[in-house]
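Visitor: Got a structure for you, written out below as structure tokens; questions coming shortly.
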Amino acid sequence: MTTAHILGFPRIGAQRELKFALERYWRDGASADAERALVDTGRALRAEHWRIERDAGLDCVTVGDFAWYDHVLTTLAHVGGLPRRFGFDARALTLADYFAAARGNAAQPAMEMTKWFDTNYHYLVPEYSPATTFGPGVEWLFDEVREARALGYRAKAALVGPLTLLWLGKARDGLVERLALLPRLVPAYRALLARLREAGVDWVQIDEPIFSLDLPDAWRDAARPTYEALAPGAPKLLVATYFDDASEHAALLKALPVAGLHVDLVRADAQLDAFVADYPADKVLSCGIVDGRNVWRNDLDRSLARLAPVRDALGERLWVATSCSLLHVPVDLAHEPRLDEELKTWLAFAAQKTREVAALRDALVKGRAAVAAEFDDAAAAAAARRTSARIHNPLVKRRVAALTDADARRASAYSVRAAAQRARFGLPLLPTTTIGSFPQTPEIRRARAAFKQGVLDHLGYLEAMREQVRIAIDKQLAYGLDVLVHGEAERNDMVEYFGELLWGFAITSNGWVQSYGSRCVKPPLVYGDVYLPEPMTVGWASYAQSLSAKPVKGMLTGPVTMLQWSFVRDDQPRATTALQIALALRQETLDLEKAGIGMIQIDEPALREGLPLKARERAAYLDWAVRAFGIAASGVADDTQIHTHMCYSEFGDILPSIAALDADVISIETTRSNMELLDAFETFDYPNEIGPGVYDIHSPRVPDADEIERLILLALERIPAQRLWVNPDCGLKTREWRQVDAALAAMVDAAKRVRQKVEEAAPA
């Protein structure tokens, strides 16, 4: 019979149970009681997620999709591959060790973190050196298999594949080629797979999303011998590709000695023909037709029409699946009691998507009539969404159509603007600032919760937030920072805040997804044309500026990041939606400028994240992304300084486009990579000002002034002092004030030391 399965389920829990359990564990100092509570939470979550999968009608549950922090880190733990610098015993790895690798400890900084392909999920980057070894690791996967079997479930295991695991890492300490480690890694996988077979696992899903990339020949050539080594003695292997078109590798993948392949038909529907043609008789083909990355309800009739010919060709060897893991969508629409009822009928979260997969399987096997009610309901929702008047705003469409190239460019060149800004602000060499947010304290959270519950009235909430702004300004003045921020106490999220105030956006109550570790975000839903009805940030920025003579930056989230970190409508091009958001932000920048705010930061941390995986598609994306930023930023006068911020990015390959943004100042995350990101600036003469991060805010570890001074000096080897800023890697929302106080004081101290050295070294 045709099999229905998913590639993975969200691990955080419907009420973010994993997040809160992790934070209690860390807060309690990883005590034995705290660890027991954490382990119990994980076990309960897995059982609940498997129950949802079973109740939806899936033919198997997926084990191995759970991770305490990150699935790449967990895979490294399974094959004994955590960085050697931590000195951990791979076979005796504890949870405390695991979290030390993720978050750093007193002896070692945390592992580097970056985006998982083109998603908003972050993985921990493996570190590979000539001394790297692999072997037996933790027992967690086998524990999960035993749990699932004890509950009576048929379990399919899921693992990040060996080629993808190597591809995602960084070569260090003189290692020339990561593939050189493959002969060491394959035996570790082979042993892991053999044990899974002994444990009674019939199928193992091996995730190899790198086959959706433009792979070098050496990596393509490594695929067949790798799987020839893995297949003997293993359970049946399902090699899963997703996130883009893998058809250029179709012949290679179909020739692998595995039992099946998975392809993503949501992101690359056209690839199906290349796989179905001459498909091997000994393989299943898993078709990912339910979107694992967006929240819109599946058009079941359309999907059935797409799958029916495949069913005719392959029979029971057709499997129905989600396009990728459901890690990227919220858990359950049932937990959205306050969401607009019409909008709700257009949506499907993870729990609903599992049922969509099973319903498609049922229609293929039993006929549409067997699930007619579900199909008819989905068809009615799709028709209503196509014709809903709430989606379309004629005024917005006219404004987008009227945009010209001049609207996306500043009136004067950077050199002219820089002179005007120096005259206006009079900043010292190596000016110090922060990225925007300060700690979201319990006081802030209590006030926000009381306001949302109606316990605190609007005026009381404003007063509470103003007090937090005053605290943030006073602290920054005490540190000695040169450019201040208001701290964003009023914002629960850098995208959701704006989504609450813009027309065309909707906000969920419980639509959380994991960003990394315990960090969860609640992406807004962009369901219709975007319009700014009134100023969003002017009152907060103006109040903060009234508290100090030093400049205070206005803080906005850029159009591409708003797009990338939301669940975006799929009925028009993303470029069009980006321009709509950009027009709204342009009006906000003009309102800020009119209110006397002389520096405005438009954050674009997701610019590179939106880059298509295929090289041939990138130029078009960068063109509209740069244009959208320009529309948002270019209406202001020469002496208004536009900042932007980018984090978690390796962007050497898009530096020309970053330069084309023409922001007066850009700040970037560089600490975890030890300023390696700045290597690109040795060959590309970035024309404007730049602030490479000198403090890793993702780790609780507090750097001292000597460490920060070393990083500033490293930056000065690549960036002229006249164009260098000093700032943390990212916003400080997730840190505690005691950490921030120490780190920013050290940062200002380090900047003053280096400033003195530079000035003393300058010719008289």
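Using the three backbone atoms N, Cα and C, a Cβ is placed for every residue, glycine included.
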Visitor: If Swiss-Prot gives I435, G436, S437, E488 as binding L-homocysteine, which of D301, D312, D591, D603 does it give for that site as well?
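Guide: My reading of Swiss-Prot gives D603 as the candidate in that site.
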Visitor: Which single residue out of E617, E669, E707, E709 does Swiss-Prot record at the Zn(2+) site shared with H645, C647, C730?
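Guide: When Swiss-Prot describes the Zn(2+) site, the candidate it includes is E669.
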Visitor: The 5-methyltetrahydropteroyltri-L-glutamate site in Swiss-Prot includes R16, E17, L18, K19, K115, R519, C520, W565. Which of E467, E604, E609 is also listed there?
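Guide: Candidate listed by Swiss-Prot for the same site: E609.
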Visitor: Tell me the Cα distance separating D603 (L-methionine binding site) from C647 (Zn(2+) binding site), rounded to the nearest angstrom.
Guide: 9
Visitor: Nearest to E488 (L-methionine binding site) in three-dimensional space, by Cα, is which of the recorded positions R16, L18, K115, E609, H698?
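Guide: Among R16, L18, K115, E609, H698, H698.
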Visitor: Could you say whether, by DSSP, K115 (5-methyltetrahydropteroyltri-L-glutamate binding site) belongs to a helix, a strand or a coil region?
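Guide: Note: K115 (5-methyltetrahydropteroyltri-L-glutamate binding site) is in a strand by DSSP.
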Visitor: If I take the Cα of G436 (L-methionine binding site) as reference, which of the binding-site residues C520, E609, E669 has the closest Cα?
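Guide: When the Cα distances are compared, E669 comes out closest.
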Visitor: Determine, to the nearest whole angstrom, how far the Cα atom of R16 (5-methyltetrahydropteroyltri-L-glutamate binding site) is from the Cα atom of H698 (active site, proton donor).
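Guide: Answer for this pair: 20 Å between alpha carbons.
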Visitor: Mind checking which of R16, K115, H645, H698 has the fewest other CB atoms within 10 A of its CB? They're the recorded positions.
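Guide: Each of the recorded positions R16, K115, H645, H698 was scored by Cβ atoms within 10 Å; lowest is R16.
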Visitor: For I435 (L-methionine binding site), which of the listed binding-site residues (L18, K115, C520) have their CA atom within 10 A of its CA?
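Guide: If one measures from the Cα of I435 (L-methionine binding site), no binding-site residues come within 10 Å, so the answer is none.
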Visitor: Taking Cα atoms as reference points, which of the binding-site residues D603, H645, E669, C730 is nearest to C520 (5-methyltetrahydropteroyltri-L-glutamate binding site)?
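Guide: Given the candidates D603, H645, E669, C730, the nearest one is C730.
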Visitor: Validating a neighbour-count step here. Other CB atoms within 10 A of the CB of C647 (Zn(2+) binding site): how many?
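Guide: By my count, 25.
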